[in-house]
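Novice: My questions will all concern the structure given below.
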């Protein structure tokens, strides 16, 4: 009875290492591992819920170990597999009731539905605007097949990344990210390569954001100017008529075609005010420079917590975009003809040789591998991580399919031909379209808040690796931000093609973080366990070759 009255709670962590237990410096016969005393009732959803037989057996085991630890030998303390998980620890009162311990870490865990939509919201980026163009480049039938195939492939590689830490024995990997796993297997070279390719994806996204923000700000300004001065002007003479007007800004888009359509822009007779506006409000010459005044100071903020509060704008923008696409498709109707290999005047074949452009876009569209461990760490149901990840990928794939298929099918052919679909499908609608104006405005505000967050991630990873400090000085941060902004300005001015930027950055970062490193890590871990088979080695080697072919093919499109 005297032993039962001794305190069983210790300030030591339950996850201490075995080497620490064997240290003579930490010997204390009064120190016990935390666990239950014999309970009577557990206070939970049911006030009279009895303790389970499994918990009672576990409790008896720890009582047994508790009696052994009366000696000074800490090696006889309860092993880790006997100690309950944090969510199973209770505080018991002398009356026999028990209250579950709910620490701050546990309270911060998210249920599965929140985790799924967090992944969906994180993956839903600017790539959704280029999916219809990618389907057009690959062909309607082949494009749908590629979208499903790449989605499943990216899900599998993401699954490897998520489980990569578990295969490392005798090391506490609970706080590791994938670059730490690469460092474990490949040393400093692996860590730096994973960091560099992660920077490619982040900076590539920031460049795309700058191009799109220039585009959205330009069209938003055009809409406000034309409305204020009551200017009725069409974007192009080549387009459909009616209230749901669709245009073809650059009619000659297929490199294999010789069609030439002259673009006639209606003007208001050489009005000086309009001429001055067009001079100072240029999509490529002035707008990218105006954004510097707004965004460069925001990038220099020490913390990005303020901008994280506006991430809900991303969900609102995507939901509105889906609703707008649905409305446009209903109004325009479907315009499809199936020509399997031959190009006609208005339609593209179902199978085209430009399909690597879609694979490059999808590699970035489904890319979340560099932060999936962080997102899943906050999942309340850790045993359901694989299920939640799969559901999230299915939702993302269905969203891409929905937007891409509807926009491609509803594009009015004839009178326009499918090759008119732009890398940013919003460019196929005039600036005077009210629904598209709202979409551009929402996306513009969303990107203004997300852009500093991306810059913060680049700064933290880069400065942390080089200087060991996330904010070494204002001038260091300013120099990095100037380089990032300069890249965006130059691309917005000289090559504002988001489809090509997305596919190149996606194929580049995907080569390392999606195909090479996950496949190698998986094969090495299986080999160390003696479980690597020839089919598995062949399949994962094929993944590496597939990633390399995806990158090389982008240079020939």
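Glycine too: its Cβ is placed from the backbone N, Cα and C atoms.
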Novice: Write down the single range among 254-275, 474-495 that appears in TrEMBL as transmembrane segment.
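Specialist: When 254-275, 474-495 are checked in TrEMBL, transmembrane segment belongs to 474-495.
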Novice: Give the one range among 192-212, 312-334, 354-377, 389-411, 501-525 whose Cβ atoms make the most pairs under 8 Å with those of the transmembrane segment (434-454).
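Specialist: Stretch with maximum Cβ contacts: 312-334.
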Novice: Same-chain Cβ contacts of the transmembrane segment (192-212) under 8 Å, 6 or more residues past its ends?
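Specialist: Sequence-distant neighbours of the transmembrane segment (192-212): 125-126, 129, 178-179, 182, 186, 288, 291, 364, 367, 370, 424, 443, 447, 450-451, 454-455, 457-458, 461-462, 465, 484-485, 487-489, 491-492, 496, 498, 501-502, 504-506, 508-509, 511-513, 517.
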Novice: Where DSSP helix means H, G or I and strand means E or B, what are the helix, strand and coil counts for the domain 'Amino acid transporter transmembrane' (115-224)?
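Specialist: Helix, strand, coil within the domain 'Amino acid transporter transmembrane' (115-224): 96 helix, 0 strand, 14 coil.
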